[in-house]
């Protein structure tokens, strides 16, 4: 089959790889019909994630049609249309039973964190979904079955696998409530979805921060938010604190280590002393009010010097963070899409054949052609 493979830093290649096979009784194989490129995939190609091997199949936002099921799969059959979450989870351990399936104890033998598709040996080493076919472990739990009556196109549903649901979880986990002022750092797909959900939760004011003008304008046009370009201000954190009269109730960091790096951070990252940048988190620590909440959703890797712990602790700021446990949220996300309460279609800017994955990665990474979200079609 054809698949998108990692071949080194900033080098992805579509090539032939072996077809996946049923390995355990609760596995299934899906024929992938759509698969998206995620912002966290960029961390892989930038070299920020360890244990990446050449020819590893990447991608973790797939959906498709069930092709084959193992003997232990009872909840699905051949021909079912499914969305596959980025979490791989057993459904039976303590964490899965307590709605923290992103930390499943049974799916990743390689570390403390949970398992994810296509995200290196660190997260289980499972081949990813940017391919013609995908093996799905723990298939009875690791899926959302789309009702047969659904006529929504893939482009509106594939984002439920990660970006849309992670955006909702960010807002939910941060405790955004009616009347809150919320700052969302980042106008990539997760940040854009988080902005939508802030309004759904009753926020009275939502401010989006980025430095890419077309993304800021997209946020303003589609999400009706205030926008701030951080390059227009010498100290963006203090500026945000000033315009919110003491800071926001909640600041959501939807950027992570992929923000703009200083020369020193660039050097440290190249030497593997530092994973990207902490610039978004520093802004968050300055822009949040006393007793407010910082929600860290953007991915960070490793340990960091310069973490503003004293500023956070002295002002009674709460920190919430983690990888979104998307599986138990997926039915609600589907309901929001199918009833028209949320339209994820405006986040998907490009639909390309799988064969053009390299181009998709290039425009997404370089922020060219007004790219916001790329969906690949095998």
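Backbone N, Cα and C atoms are what each Cβ position is placed from, and that goes for glycine too.
Not measured: the values here are computed from a predicted model.
Swiss-Prot annotations:
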BINDING   38, 60  Zn(2+) 1 binding site
BINDING   90, 93, 96, 104  Zn(2+) 2 binding site
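Feature map: annotations from Swiss-Prot on the structure.
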{"residue": "38", "record": "Zn(2+) 1 binding site", "contacts (Cβ under 8 Å, 6+ apart)": "59, 60, 61, 86, 162, 163, 189"}
{"residue": "90", "record": "Zn(2+) 2 binding site", "contacts (Cβ under 8 Å, 6+ apart)": "96, 104, 105, 106, 107, 138, 141"}
{"residue": "93", "record": "Zn(2+) 2 binding site", "contacts (Cβ under 8 Å, 6+ apart)": "104, 105, 106"}
Query = What other residues of this chain sit with their CB within 8 A of the center of the CB atoms of 90, 93, 96, 104, the recorded Zn(2+) 2 site?
reply = 89, 91, 92, 94, 95, 97, 101, 105, 106, 107, 138, 141
Note = In three-state DSSP terms, residue 96 (Zn(2+) 2 binding site) is classed as helix
